[in-house]
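Undergrad: Got a structure for you, questions after.
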Amino acid sequence: MLKTVQRQAASSVLRPLRSRFASPSTFYIADRQSRRGYSSESGEHDVVVIGGGPGGYVAAIKAAQLGLKTACVEKRGALGGTCLNVGCIPSKSLLNNSHIYHQIKHDIKQRGIEVDNVRLNLDQMMAAKDKSVKGLTGGIEILFKQNGVDYVKGTGTITGENEVKVKPIDGGEEISLKTKNIIIATGSEATPFPGLEVDEKKVITSTGAIALTEVPKKMIVIGGGIIGLEMGSVWSRLGAEVTVVEFLDAIGGPGMDADIAKMAQRILGRQGIKFKTSHKVLSGDASGEGVKLEIESVKNQKKDTLEADVVLVAIGRRPYTEGLGLENVGIETDERGRIIIDQEYRTKHENIRVIGDVTFGAMLAHKAEEEGIAAAEFIKKGYGHVNYGAIPSVMYTHPEAAWVGQSEQEVKASGKEYVVGTFPFLANSRAKTNLETDGMVKFIADKETDRVLGIHIIGPNAGEMIAEGVLAIEYGASSEDIARTSHAHPTLSEAFKEAAMATYDKAIHA
Ligand SMILES: Cc1cc2nc3c(=O)[nH]c(=O)nc-3n(C[C@H](O)[C@H](O)[C@H](O)COP(=O)(O)OP(=O)(O)OC[C@H]3O[C@@H](n4cnc5c(N)ncnc54)[C@H](O)[C@@H]3O)c2cc1C
């Protein structure tokens, strides 16, 4: 009953949109569509979302919550996209459990706990990962039901401004969805390395790296970005000899502050990961039992050959638009394959919007989610909000690295005068109690106004702690605002406060 009332309210709000975006023939076909029995009520949707990842499923739920009749088309057979099925969630499950294994083997003796006969049961570790994935993807299906989103299992192709045709995954008859609005959220895929064919066994992407059936003796990771370092950490902790080859002279990718990247490399190096920074991979040969890579120093062109049982290609991800039918409606992509949009996520067709990895910005699940909500709000209300200056990044290695806002190198390049304040976890009472003292918190603030420009953390629980930094940046806080805010003792977050103190004045404990 409530839903009907909401829908009536929605349709009155949407009347202007209707006349703007839909032709009379669209409605005619829509009515025929409903007679075929697929769609409910009028047969026409207000919104069809293509892609059920964090961008798409969140957009669909928000659109439905706003009273829009919504369908979400997903071809994977499970909701949650890359993130839940082969990305964030499975990788974090393996990171968490491999850390526990590694800690039991190498760290807990000093804590007064002695355990004999520690053995790895990789099958069980993978089963635990699969269980989390299944629970979470199934949970989204329940959310769809609760919110009244039509879940359409199949490959969606845009055939016109107001039509998405779906080829069902079970091989059934093609379905035509008539809609006033389309949200494209088709995500991304791993960028292949030229000349190295991915078989997800010997030459793997992150998808293979979350599903290996045995621990490789030697693993080479091509690319020292976040995904490469996270997956390299997992297999290094489980016993593989891991070498990371990175073209740049630092790990972590472009957003990571140089001080944090240096510290991360030192700490991960101590954990056993070898780094070949400033090296490029020239070619690869997977024809033998293992894989051979020819690499070359960027600095002196010296060549070298590396061999491994498994090579993980982690050189980045690229937008995924295969089979989407962009050509049917003349929608363009840029030179990197990203769908071109305006600030309201609109393509050249006002009713076709694009969010998440398939368009501009950081390829992060929470960024896609924010855009999903904003895109639905733009459709219903005409306004939405995402603060791209306050999107956090987290690398879930041990310790974690997390940051928000600008890095010191970015602030320097902008020409702005700034101050930096840091605080080491070595001087934090909780970190010392927990015997987890690696890392630091670093603030960068505007020299004149003290407004916080960037916060960078490497240390225990950095990924949780950065939430405070995100709020600070969102609300335009000064470092003094944070320094004068009480933080519970003894907590790791006192290091956050002390770094803020060190920025506008002086820290107490360092
Ligand atoms: C190993 C790994 C670890 C990661 N860890 C993190 C992390 O810790 N934190 C973080 O924020 N991000 C992480 N990411 C990135 C994150 O997964 C992505 O940024 C996020 O999933 C993007 O969401 P999306 O909705 O844009 O696209 P996706 O999640 O890629 O979803 C797109 C969906 O669209 C479907 N699709 C594509 N074309 C069609 C079509 N024509 N018809 C129907 N369906 C279609 C696909 O099957 C897919 O399910 C990680 C990625 C990887 C690979």
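The chain as shown is numbered from 1 upward.
Even glycines carry a Cβ here, placed using N, Cα and C.
Just so it is clear, the model here is predicted, and its values are computed rather than measured.
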Undergrad: Name the one residue among D199, D357 that TrEMBL lists for the same FAD site as K92, G156, T186, G187, S188, M363, L364, A365, H366.
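TA: Candidate listed by TrEMBL for the same site: D357.
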Undergrad: Looking at TrEMBL, G223, G224, G225, I226, I227, G228, L229, E230, E246 are annotated for NAD(+). Which of G148, G154, G316 sits in that same site?
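TA: Only hit among G148, G154, G316 in TrEMBL's NAD(+) site, alongside G223, G224, G225, I226, I227, G228, L229, E230, E246: G316.
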Undergrad: Checking proximity to ligand 1 here: which recorded positions out of C83, T186, G223, I227 have their Cβ closer than 6 Å to it?
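TA: From C83, T186, G223, I227, counting a Cβ under 6 Å from ligand 1 as near, the near ones are C83, T186, I227.
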Undergrad: Mind telling me which of the recorded positions C83, C88, M363, A365 has the densest Cβ neighbourhood, counting other Cβ atoms within 10 Å?
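TA: Comparing the recorded positions C83, C88, M363, A365, the most crowded Cβ belongs to C83.
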Undergrad: Of all the binding-site residues given, I227, L229, which residue's CB has the most CB neighbours within 10 A?
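TA: The largest 10 Å Cβ neighbour count belongs to L229.
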Undergrad: When you rank G223, G225, I227, H489 by Cα distance to S188 (FAD binding site), which of the recorded positions ends up on top as the closest?
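TA: Of all the candidates listed, I227 is nearest in space.
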Undergrad: Among the recorded positions listed here, K92, H489, whose Cβ has the fewest other Cβ atoms inside 10 Å?
TA: H489
Undergrad: Under DSSP, the domain 'Pyridine nucleotide-disulphide oxidoreductase dimerisation' (391-500) has how many residues in helix, strand and coil?
TA: 41 helix, 33 strand, 36 coil
